[in-house]
Structures are given as C-alpha cells and as structure tokens.
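Database features, via Swiss-Prot:
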- D162: active site, charge relay system (ACT_SITE)
- H239: active site, charge relay system (ACT_SITE)
- S549: active site, charge relay system (ACT_SITE)
- 41-119: domain 'Inhibitor I9' (DOMAIN)
- 134-618: domain 'Peptidase S8' (DOMAIN)
- N195: N-linked glycosylation site (CARBOHYD)
- N223: N-linked glycosylation site (CARBOHYD)
- N254: N-linked glycosylation site (CARBOHYD)
- N389: N-linked glycosylation site (CARBOHYD)
- N641: N-linked glycosylation site (CARBOHYD)
- 1-21: signal peptide (SIGNAL)
Amino acid sequence: MNNSLQSSKLVLLLAIALVLFLNTELDFLTAAGALDSDSKVYIVYLGEREHDDPELVTASHHQMLESLLQSKEDAQNSLIYSYQHGFSGFAALLTSSQAKKISEHPEVIHVIPNRIRKLKTTRAWDHLGLSPIPTSFSSLSSVKGLLHDTNLGSEAIIGVIDSGIWPESKAVNDQGLGPIPKRWRGKCEPGEQFNATIHCNNKLIGARYYLNGVVAAIGGKFNRTIIQDFQSTRDANGHGTHTATIAGGSFVPNVSYFGLAQGLVRGGAPRARIASYKACWNVMRDEGGGTDGRCTSADMWKAFDDAIHDGVDVLSVSIGGGIPEDSEVDKLDYIAAFHAVAKGITVVAAAGNEGPGAHTVDNVAPWLLTVAATTLDRSFPTKITLGNNQTLFAESLFTGPEISTGLAFLDSDSDDTVDVKGKTVLVFDSATPIAGKGVAAVILAQKPDDLLSRCNGVPCIFPDYEFGTEILKYIRTTRSPTVRITAATTLTGQPATTKVAAFSCRGPNSVSPAILKPDIAAPGVSILAAISPLNPEEQNGFGLLSGTSMSTPVVSGIIALLKSLHPKWSPAAVRSALVTTAWRTSPSGEPIFAEGSNKKLADPFDYGGGLVNPEKAAKPGLVYDMGIVDYIKYMCSAGYNDSSISRVLGKKTNCPIPKPSMLDINLPSITIPNLEKEVTLTRTVTNVGPIKSVYRAVIESPLGITLTVNPTTLVFKSAAKRVLTFSVKAKTSHKVNTGYFFGSLTWSDGVHDVIIPVSVKTTISM
C-alpha cells in the first residue's frame with residue numbers, strides 16, 4: 001500500500017465516497033466466514049465496461065477468475081455476482097492471497113472485502129407547499145402547480161434500494177395509473193410469498209432481491225434462524241416500504257397513527273412508478289437478541305447495476321456508512337453511485353443520524369445529493385400535571401386513557417428496594433433498568449433529539465432536561481408525589497416551527513472541505529407512511545418513523561416530479577434547482593433553528609442551501625450544471641492519477657497541468673476552508689428560464705470577508721447563448737484564524753432569486 005499507484009487509488013476512492021446507503025445509518029462490520037474459513041467475498045472493481053453486451057462483460061469476468069483459479073469449475077463456483085450493466089466488476093469467494101494476486105492484475109482498479117451494513121425513519125407535503133391535493137383520482141382538476149404540471153409524476157420511475165416492499169400496502173395501489181412507461185427495462189422477480197404476476201402492478205413495476213452477498217457472509221446457506229426474512233422482495237423490516245411510499249406512495253385517505261397525525265397520506269410523486277431493489281435483510285444481532293437490517297456491499301452493488309440497466313430516473317438510497325473515515329475500502333464501497341450519476345440518474349443519499357456534531361455528515365461525494373433532516377410544523381404535545389398542580393408539556397406518542405399514578409425517580413444506581421410498581425417513573429438515562437418492574441409509564445428526560453417512540457407498549461413521555469429537573473425537584477420535596485398524564489394531541493402550524501433535527505449529521509465535509517455537505521434539508525421527523533405489518537411500530541399498515549432515511553425519499557419524490565417536468569436536466573441541474581431555490585426560513589417565515597447541545601440559527605453546514613422548496617425548484621431561472629468533465633476536474637484536484645481516472649471513466653483521460661482548483665468545481669455553493677489573504681474562483685450558470693433575461697448580483701458577505709463578483713450583471717440574449725461564466729473574489733480582513741462565517745450570492749432578475757450559500761474560514765499562515 002506504499003507505492004504511488006496505491007496511494008492515488010486511496011485518494012481516488014476518497015473522492016468517490018458516495019451515497020449508497022440509507023439514512024438510517026449503517027455501521028461497518030466486516031463480513032465473516034464465507035464458505036470456509038479461508039475464503040470470503042471480495043468485490044473486484046474494473047471501472048467502466050469495455051463491452052456494451054452484458055454477456056461479453058460477464059464472460060470476461062469468468063475468464064479473469066478462471067485464469068486466477070486455474071479451473072473453469074472453480075471460477076463458476078466462486079462467482080457471486082457479475083456487475084455488467086452500469087459498470088464492470090464482480091463479487092467472488094476468494095482467499096486473501098487470491099484477492100491480493102488479482103488486485104495486481106493491470107485491469108483491476110481495486111479489490112475490497114464484502115462489508116455488512118446495519119440499518120438504523122401526511123403533513124410533510126403540505127408543509128413544503130405541494131398542496132392542495134384531491135382525496136381521489138376523480139378530482140384531479142383541482143390540483144395545481146408542480147403536481148398538476150407533471151400529472152403527479154406519472155411518467156417518473158423511482159428506484160429504492162432498501163429492505164424491499166410490502167406489496168399489499170394500500171399505498172402501493174395502482175388506481176388511476178396508465179400503462180407502464182415503455183422505456184422501462186426492469187422486471188418483477190418471484191420469490192417467497194411474492195407472486196410477480198399478482199403483486200406487481202402499474203405502481204410497483206419492479207421488484208428484485210439480492211441474497212448472495214449476505215448468505216455468503218453468514219456461511220453460504222440461507223439460515224432462517226440468522227436471516228429472519230422472506231427470500232423475495234417482500235419486506236419483513238418495514239424500512240423499505242416506508243421509504244418507497246414516502247417518495248412515490250399512492251393516495252390513502254383517513255390515515256392516522258393511533259389517532260395522531262390524521263389525514264391523507266401520499267408520496268411526493270403519487271403517480272410515480274416504484275422499483276424496489278431489496279439489498280437489506282433482517283439478520284439476527286450478534287448480541288442482545290432481536291434483528292437488524294443488514295446490507296452487504298456485494299448485494300448493494302448488484303442493486304445499483306440493475307437499477308442503471310432498468311431505467312430509473314432517481315435512486316433513493318437511505319443507507320449510510322456512518323461518519324466518513326479516511327479508509328480506501330470504505331470510500332470505494334460507494335463507487336457504484338458514480339456510475340449511476342454518470343448515466344443521468346440522480347442518486348439521493350442520507351446525511352446520516354450521528355449529529356449534531358461537526359464533521360459528521362456522510363455521503364460527501366460531489367455527485368451525490370445529500371439530505372439533512374428537519375422537523376415539521378407539527379408536534380404531539382402531552383400534558384403532565386404534577387400533584388402540586390404544576391403543568392408541563394412534553395412530546396410523546398401516548399394515546400391511551402389518562403394516567404394518574406404515584407411518581408418515583410430511578411437512576412442507574414437505584415437498587416431493587418425502590419418500589420415503582422404501578423407508578424410513573426422519571427429517568428434521565430434510557431439505559432436505566434425498568435424492565436420487569438411493572439411501571440405504569442416512563443418520563444424520559446433527555447437532551448433534544450426529536451425522536452419519539454412508543455417504548456414497546458409502555459407509555460413514555462420525552463421532556464427536556466430542564467423540565468425533567470423540575471419534575472425531580474417536585475419528587476424530592478414531596479412525601480407522596482403524584483402525576484397525571486393526558487394523551488398526546490396533534491398540533492400543526494405555529495408555535496411549532498421548522499428545526500434541523502438534533503440527530504441530523506452536520507458539515508463541514510471531513511473528506512473534501514471545499515465541497516459543501518449536506519446539500520439540502522427536508523422533513524425527516526415523525527413521518528407517517530406505509531410500513532410492513534411485521535414492524536413493531538406498525539398500526540393498520542402505517543407507522544411514524546424518523547431519520548435522514550425519511551428526509552431522503554422526500555427529496556427523491558420531489559426529484560421524480562422535476563424529472564417529469566424537465567426530463568433532460570442532469571443530476572447536477574436537479575441539485576442546483578433544489579439548492580438555489582430552498583427556503584432559508586420556514587415556509588411560514590420564521591427562522592430555522594438547528595437543534596443540538598445549544599440551539600442556534602441554522603447555517604449551510606446544518607441544512608446546505610436550506611429547506612427544499614418544490615414549487616420554486618421547478619422554475620429556478622438559472623442552474624449551476626455539471627457533467628463528466630466537471631467530475632474529472634474534481635478527481636484531478638483531489639489527486640487521482642490519470643490511469644485510475646481513465647479506468648473509472650472507461651476512456652483515456654489526462655489531468656491538466658497545473659491541476660484544477662477544487663474551489664472551481666461548478667457547485668451551487670462556495671466553500672473556502674482555508675482563506676489566507678484572497679482567492680478568485682469561477683462559476684458557470686445556464687439559463688433555463690426566459691431566453692432574454694438580465695440577472696444582477698446581490699452579495700451578502702460573510703463577517704470579515706469582502707466578496708466581489710465580476711461581472712455584476714449577466715445578460716442572456718438568445719437561446720444560443722444560455723451559458724455565462726463569472727468570477728468571485730474573496731478577501732479576508734481577519735488577522736487571526738477564525739471559524740467559518742456565512743453569507744450568500746444571489747443572482748436576481750426580479751422574478752427568480754438564484755441563491756447559493758457562501759462559507760469561508762480564514763487561516764493565517766505562520
């Protein structure tokens with residue numbers, strides 16, 4: 001790993017760090033024991049395909065394995081997957097020495113071990129302005145705006161890589177849908193309790209599942225004790241059903257969650273078609289019992305490969321690798337998404353759930369659309385009345401009859417002599433043992449994390465530490481403390497307001513600090529959508545889940561509408577439209593705060609461009625577009641060598657000398673991580689609005705920074721000249737090192753305000 005080729009590959013994969021995985025975050029666990037103690041699954045990545053014929057691609061993989069193993073039969077038995085559509089590569093059972101040997105082959109870019117990843121979930125569309133909406137397909141004439149202009153996304157195809165789908169869900173009905181788009185090349189695969197003819201329809205048009213990677217990881221056979229799932233696309237976990245129907249679920253009226261959040265449930269693009277790619281499985285935990293959703297790299301890569309072939313418009317991948325590390329293996333694990341984007345498919349990824357610390361954001365590659373999570377303007381307040389008539393409010397999902405009991409305090413040091421049976425218990429630590437104690441309810445005081453749960457059937461209320469301390473003070477000053485708890489209600493609109501969720505991962509980007517991440521934010525807290533009836537959080541086929549896993553398909557659904565309206569837009573143009581038109585205040589005009597250890601006003605490292613605004617994104621005026629040439633510039637600026645880039649792209653590529661600056665990558669943002677004195681960078685915009693337009697620059701400089709734009713006016717005169725370039729000079733007046741300060745650059749024609757965030761940190765050289 002010390003030669004220059006391997007070093008540049010490390011950087012290569014660092015840039016290719018991407019989005020595969022689901023916001024409900026994933027921990028990396030090396031796949032253990034394949035078919036025997038000496039072999040395990042490795043992924044051999046070969047870059048772009050050398051043949052258009054998939055059979056020839058697969059044949060070349062067999063030849064490479066046969067040459068390595070010196071046996072045609074051994075090569076056939078070793079091969080797990082052939083990646084033949086979107087890119088070239090294969091997964092195979094190899095010993096470590098065989099993996100090392102094949103990595104030295106001149107056609108091989110890299111060899112990585114299979115990895116196992118662990119899954120970590122009504123009002124949203126009203127909140128974002130995609131309303132009013134009819135209650136059935138019989139009154140579509142009342143639909144206006146983006147939904148009307150796109151026929152509710154009826155020609156869009158949303159691919160979802162996740163834990164599968166529950167095909168009987170009401171949210172997957174195809175009422176009112178016309179024929180499947182002719183460009184669709186995918187299929188529905190039959191399997192356990194999944195009949196392709198019966199369960200697929202004009203809504204669920206694709207259903208594939210990928211078992212080979214996870215089966216090889218657990219010993220080579222499907223073991224029902226370990227993999228507690230269906231050998232088909234049917235969803236035992238529920239996560240995949242939830243994310244798919246957030247993005248493209250059909251209308252389902254009069255839905256609630258135990259009486260909360262009642263209303264019409266629908267996806268962002270209610271008439272879009274859904275293709276489910278099941279690469280995540282319910283696997284028994286190593287410790288503690290129960291199951292987790294696990295997804296292996298080999299299975300995920302094959303899902304990407306097929307999705308590229310099938311013809312999806314957008315890929316929603318609510319999976320993530322946790323906080324990025326400078327690991328070549330971890331970065332290469334995401335390269336499949338690059339090939340999807342290169343072929344025009346927008347890949348939407350989760351920012352992660354390890355927030356609110358800085359540098360935690362996941363899926364940081366510039367070709368990914370990375371989504372943070374916000375709250376809705378909706379809450380579920382629960383009234384807590386102490387025995388002294390003091391009243392407090394906290395959120396919960398408690399919907400039962402009023403609780404009136406004694407009140408006690410427990411902590412991790414409490415002994416079994418404390419009598420809590422039949423009482424409501426106050427705890428400050430979720431690890432405090434209460435199981436088997438017969439408590440009536442739990443009040444869990446905690447720092448804000450925006451996560452609500454039904455706590456396995458025990459009523460639980462979630463006040464913050466301040467209110468928890470008030471309750472504790474009452475307990476300690478009262479001989480026989482009591483409490484009354486009233487069922488939660490649903491409150492929408494003010495005073496509830498939009499916040500970046502405490503769990504949502506934050507920037508700056510730890511891998512490439514000049515690339516702003518996250519890109520955008522969307523609702524991801526207590527989102528009501530369809531779910532598998534096998535999920536313990538399910539009620540009548542629906543559930544409330546939270547996470548960047550949920551905000552990711554919100555954006556995917558919006559992109560399905562945008563691609564219906566603008567089918568020729570590139571993934572970069574789509575991202576630009578979303579980022580430059582986003583709300584930087586809540587839809588009601590209130591400030592957007594960022595939850596965390598200390599609440600503050602949200603900035604670009606919390607929410608990127610802001611809260612997604614679907615209607616404005618449909619008509620952005622200008623876009624900051626990017627293509628393969630721009631991604632080559634990024635790879636060159638990140639230090640990739642020519643041969644590595646050439647293999648990834650499938651054609652000979654030479655980096656310019658001197659290498660380009662990462663500051664000049666044509667992103668809809670400007671991030672300068674180390675400004676010493678001054679720097680000049682460039683951006684290019686494409687007019688997608690009226691042919692004859694005049695835009696003027698409006699500058700909001702970060703504190704202590706002077707921004708100068710040249711020219712200050714952009715004049716578009718004809719359809720032949722829709723692309724113009726401008727420069728931005730940033731000059732610091734700070735005399736000491738600083739943290740980041742934030743501003744913005746807006747191009748305005750009086751109708752469109754095209755806003756990009758600006759983030760600058762001054763670094764004084766010694």
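Counting starts with 1 at the first residue shown.
In case you wondered, yes, glycine gets a Cβ from its N, Cα and C as well.
Features recorded in Swiss-Prot, as mapped to the structure shown.
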residue	record	DSSP (3 states)
D162	active site, charge relay system	strand
N195	N-linked glycosylation site	coil
N223	N-linked glycosylation site	coil
H239	active site, charge relay system	helix
N254	N-linked glycosylation site	strand
N389	N-linked glycosylation site	coil
S549	active site, charge relay system	helix
N641	N-linked glycosylation site	coil
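Packing around D162 (active site, charge relay system) is summarised by its Cβ count: 33 other Cβ atoms lie within 10 angstroms of its Cβ, all protein chains included.
Candidate recorded positions: N223, N254, N389, S549, N641. Nearest to D162 (active site, charge relay system) by Cα distance: S549. Mean model confidence of the domain 'Peptidase S8' (134-618) amounts to 88 (pLDDT, 0 to 100 scale). The two recorded residues, N254 (N-linked glycosylation site) and H239 (active site, charge relay system), show a Cα separation of 22 Å. N195 (N-linked glycosylation site): 12 other CB atoms within 10 A of its CB, across all protein chains. Residue counts for the domain 'Inhibitor I9' (41-119) under DSSP, split into helix (H, G, I), strand (E, B) and coil, are 31 helix, 28 strand, 20 coil.
Annotation: no glycosylation sites among N195, N223, N389, N641 have CA atoms within 10 angstroms of the CA of S549 (active site, charge relay system). Spatially, by CA atoms, the recorded positions N195, N223, H239, N641 include one closest to N389 (N-linked glycosylation site), and that is H239. When Cβ neighbours within 10 Å are tallied across all protein chains shown, the highest count among the recorded positions N223, N254, N389, S549 belongs to S549.
When the glycosylation sites N195, N223, N641 are screened for a C-alpha within 10 angstroms of the C-alpha of H239 (active site, charge relay system), no residue qualifies. The distance from the Cα of N223 (N-linked glycosylation site) to the Cα of N195 (N-linked glycosylation site) comes to 22 Å.
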